[in-house]
Structures are given as structure tokens and as C-alpha cells.
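The block underneath contains the structure these notes are about, expressed in C-alpha cells.
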């Protein structure tokens, strides 16, 4: 494992199988504070996602990286039928708590939440009776949490195969990743605010790139987050944790997605929710892939 050469995660985080980088509980707690609730989502992101789903007539949505449930909650509140899964039980507990607290609301009583692994997603999540979900979403740089342990991206291909198998014919896959092209060429993330969250708790993010045999193998982000009420006499304290990501570049990830769809899909790429053109002046923080299954 790469942990023998370079510490990829905060101490206490699981290292076997599909890694749960939030398994120590502390990272999950601080992350929940950072991302906040649905009110912390940017208006641009909310309008874009809801508009996209409604434009394509999507009703049944599978969130394959729901984390604390912030996107799923937003979709449930907006009238979508949502199934939410994540590999981290420490993250899921926040979603489960929200469902319990709002169980008297019919939409939340019907909200399905399961622990699931991308490597066995086809077995963990029953496929919709309609042949799949209208839309499958994997947002917030979530897919990059999956490392390339074997060095051949076979885990990535299997995970994408399983994820795309959940999409019905005519349905959508919405999946994103950070602009790792820029990170690898400059050593730091593009400037600008997070396009997903309005949080003001982040004090610093330090970027590191791990290279193995002259190939970028991993990007780590060391977060320093201001946590209210944890310092001296109730003042804000600082919490630090590290998350590691596989650096998916735009061209190679596009190829992985097209292979997963077997060439049967309409594929568009956006940079920070706007149509992206290679060489454009604006450098996006995130690339968002929208694929429609046409088989």
C-alpha cells in the first residue's frame, strides 16, 4: 500500500478495501461542519443541478457518494425520489439522523439510505424496476477518493462500470473531479471559491502531489478548518485533517467514462457549471461530466 511510503490519510482511517477516509469520525465531523446543510450549497450549483434534472425529466435519482447527505436532502426537499449510498458509515450517520428527524415528512420517510461500495455497487443497490435510475450523481470530487492501488486503473474502470450500470437507457450520469490538470502543472489548486459550498470555516488548504515512477499517483489536501467553540474559553479552534485523491486529468477521465458507457452516450463537459472549451482563458476549479445513456 502507498501508506508505507507516504501517509495518505489522517491517523485512524481505514486502509483496506475501498478506503473510508472518514473512518476516524473526526474528519467526518469536521467535514460536516465545513459543508454545512442545504442552505450552504451555492445558489448557482443548486439551480444548475435542479435545472438539469428537470430538463431531462428525471425523477428517480441515485446519489452514489452522498456523504453526509447534503445533496440528497436538497433533492428530497425538491420532490425527487432519492436513493443515497456511501461507503462511509461515519458520513452516513448524518444523513440517517436527518431522515429520522424529518421522518414525519412523507418525502423523507421514503428516502432510501444504504451503505454501499462502488466495487460491488451492482450487488449492494437493487436496480430500479424501470431498468435503472433516471439520474446517477457523483459530485464533490468524490470519485477521486478511489485510489489506483494496482497502478493500472482497473479499480476505476470497475467502479465506473458498476456506476453506469445503474443508469437507465436515456438516463443521466453526472460526475465531477477537480481540475487536476492545473494542480499537476502548477502544484496548487486554481484560485477561486468552492463552487459547491459557501462555507467560511476553511482557513487553509495545502496541496501536495505524490509522484511514483515519474507519474502523478496521488494528490493530498491538508485542510485547516476553524471549528466554532472548540478553542480556549469557547473561542474557535483549529482542526486539521488530510484527504487523498487520485488525480484524474480531463482527457484520461473522459476516456474512462466513454469506455464505461461502451460508446453509447452523449457526453458534455462543463467547467464550474459552464460549457468548457480547451484553451479557454478562465481556469475552472472543477470539471463536471454529464453523460446521457443512449443504448
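Every residue gets a Cβ built from N, Cα and C, even glycine.
Predicted, not measured: the structure shown is a model, and the values here were computed from it.
Under the three-state DSSP scheme, residue 242 ((6S)-5-methyl-5,6,7,8-tetrahydrofolate 1 binding site) falls in the strand class. Annotation comment: Swiss-Prot describes 4, 6, 242 as (6S)-5-methyl-5,6,7,8-tetrahydrofolate 1 binding site.
Feature annotation from Swiss-Prot assigns (6S)-5-methyl-5,6,7,8-tetrahydrofolate 2 binding site to 6, 217, 242. Residue environment of residue 242 ((6S)-5-methyl-5,6,7,8-tetrahydrofolate 1 binding site) contains 18 other Cβ atoms, counted within 10 Å of its Cβ in all protein chains.
Among the features that Swiss-Prot reports, phosphoserine is placed at 10.
For residue 65 (S-adenosyl-L-methionine binding site), the count of additional Cβ atoms within 10 Å of its Cβ stands at 23 [all protein chains shown]. If you look up Swiss-Prot, you'll see 22, 31, 34, 41, 65, 86-88, 117-118, 139-142, 178, 223 marked as S-adenosyl-L-methionine binding site.
Per Swiss-Prot, phosphotyrosine is recorded for 34.
Taken from Swiss-Prot, the feature N6-succinyllysine applies to 46 (among others). The secondary structure of residue 46 (N6-succinyllysine), as reduced to three states from DSSP, is helical. Cβ contacts within 10 Å of residue 46 (N6-succinyllysine), excluding its own Cβ and spanning all protein chains shown: 17.
The N6-succinyllysine annotation in Swiss-Prot covers 193 (among others) and rests on similarity to another entry.
Annotation comment: Swiss-Prot describes 198 (among others) as N6-succinyllysine, evidence class similarity to another entry.
According to Swiss-Prot, the feature N6-succinyllysine maps to 203 (among others), an assignment based on similarity to another entry.
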Which of 117, 139, 141, all binding-site residues, has a Cβ with the fewest other Cβ atoms inside 10 Å:
117
Intrachain C-beta neighbours of residue 178 (S-adenosyl-L-methionine binding site), sequence separation six or more, cut-off 8 angstroms:
141, 144, 189, 219, 245, 285, 286, 287
Work out how many Å separate residue 117 (S-adenosyl-L-methionine binding site) and residue 217 ((6S)-5-methyl-5,6,7,8-tetrahydrofolate 2 binding site) at their Cα atoms, rounded off.
22
Which whole-number value in Å describes the distance between the Cα atoms of residue 217 ((6S)-5-methyl-5,6,7,8-tetrahydrofolate 2 binding site) and residue 46 (N6-succinyllysine)?
32
